[in-house]
Amino acid sequence: MVGVEVAIILVLLGINAVLAASEIAIVSARKTRLRALADDGNEAAAQVLALNENPSAFLATIQVGITLAGFFSSAVGAVSLVQLLGSWLADSGVPFIQSNADGLALVVVTAAISFISIIFGELVPKTLAVRRADTLALIVVRPVQWLATMMRPVVALLTATTNVILRLLRVESRASLPGLTADELLAMLETAEDEGLVEAEEAELIEEAFQFGQTTVRSVMVPRVDVVALEASTTLGEAVDRFFTTGFSRIPVYQESLDAIVGILYVKDVFRILWTDPDAAKRRCGEVVRPAYFVPDAKPIDELLRELRARHTHMAICVDEFGGTAGLVTLEDLIEELVGEITDEFDPGYEPFREVAPGVLEVDGRVSVGDLLDRLELEREVIGPFETESVGGLITDRLGRIPVQGDAVVTGPLRLTVLSMTGHRPGRVRVTFTEEPEGNGR
């Protein structure tokens, strides 16, 4: 008879292991792969996704099954194995053991069954399930659903009782609790990157996507001083030369000043006009422009991206709080915030960052401070408070005057040296790590 009881305990232990592995597999299965399989017609993948969307029922089913398996295995052990071990201890010849044989037998059997259940019924199957979650989830999903159907009345009773107790205790149910925050997701992403589950480039792209909605147009626009524009009286023939020299396909057109932009000139419109009428080269740009799209420079770039897509346009004119032209932004500028700098044949030799020695970078003065800190893997706080967007602007802010070639400032661990000037702003800047305390420059 002892063999029968042991066999029953092993079967219950196996049920416990299968249920524990099923729970972890279904919860841990990769949703992206499951969606791809479901789109290809895999019913099991669709069922796993459905369970994950509303997990309370199947998790309760699993928990009830595990609890019952553990209860019955302990009960069987208590009925037979305790008696067997108790009689053996009673004949041990040791007075203390003989007088407490039944109690000692109960403790030993309970401890042994609990130890075996934890190792082989929980830890081992869950560890194996995590490593093969996708495959195992597709195998166990149907049995789990059948079990959930059979145990629905029991689960419903337990769930209702739990909800009543939670309401009496004024505790929110799991369904009403908030989900993961962006910071928590980024922390999980960092852990996945450290463990090699996510490539560094993929992690960087995901982080940029999280920060995308927190960035304003002002941070990514081409500033007013760098805007290439045409006066409305410019002829189409002259505009063709400007298109060729800049490589742009769209150029803003203004009347008297950049604060009075009248529209956007498209290169394809110019070529179509000149193709049909070669004498049109003397026409004025202001006659053939398309309407310009104006946006405030404080607009979040994720909103602007949606608007540009909806309007089927690639360029917007940025307006400051006083109504003047602050700059312009293109679809390419927005995409670069996600994937990094995009260069083409019309950007000869342009290098926003160039490493000239270990720990020494040469950067364009127009590079944003945020991009520089990202490149150096530094937090914003290390250089102290700042309100400027560009590295050149940071130098000007720290100096409190217009920089000149050779000026340098130390801010946090960085020493910024002006190598050249473009007009009244730094053109190229050398960035060097230093241990000096922050200063105001010289």
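Quick reminder: no glycine exception, Cβ is built from N, Cα and C everywhere.
Just so you know, TrEMBL annotations never went through curation; they're auto-generated.
If you look up TrEMBL, you'll see 1-202 marked as domain 'CNNM transmembrane'. Annotated domain 'CBS' per TrEMBL: 221-281, 288-345, in sequence order. Feature annotation from TrEMBL assigns transmembrane segment to 6-27, 57-84, 104-124.
Taken residue by residue, the domain 'CBS' (288-345) breaks down under DSSP into 20 helix, 16 strand, 22 coil. Counting same-chain residues at least six beyond the ends of the transmembrane segment (6-27), those with a Cβ under 8 angstroms from any Cβ of the stretch are 48, 51-52, 55, 58-59, 62, 65-66, 69-70, 72-73, 76-77, 81, 113, 116-117, 120-122, 124-126, 128-130, 132-133, 136-137, 140-141, 143-144. Note on the transmembrane segment (57-84): residues 1-2, 5-6, 8-9, 12-13, 15-16, 19-20, 22-23, 26, 51, 102, 105-106, 109-110, 113-114, 117, 121, 144-145, 147-148, 151-152, 154-155, 158-159 of its chain, located 6 or more positions outside it, place their CB under 8 angstroms from a CB of the stretch. Sorting each residue of the domain 'CBS' (221-281) by its DSSP state yields 28 helix, 21 strand, 12 coil. Mean pLDDT of the predicted structure over the domain 'CBS' (221-281): 92.
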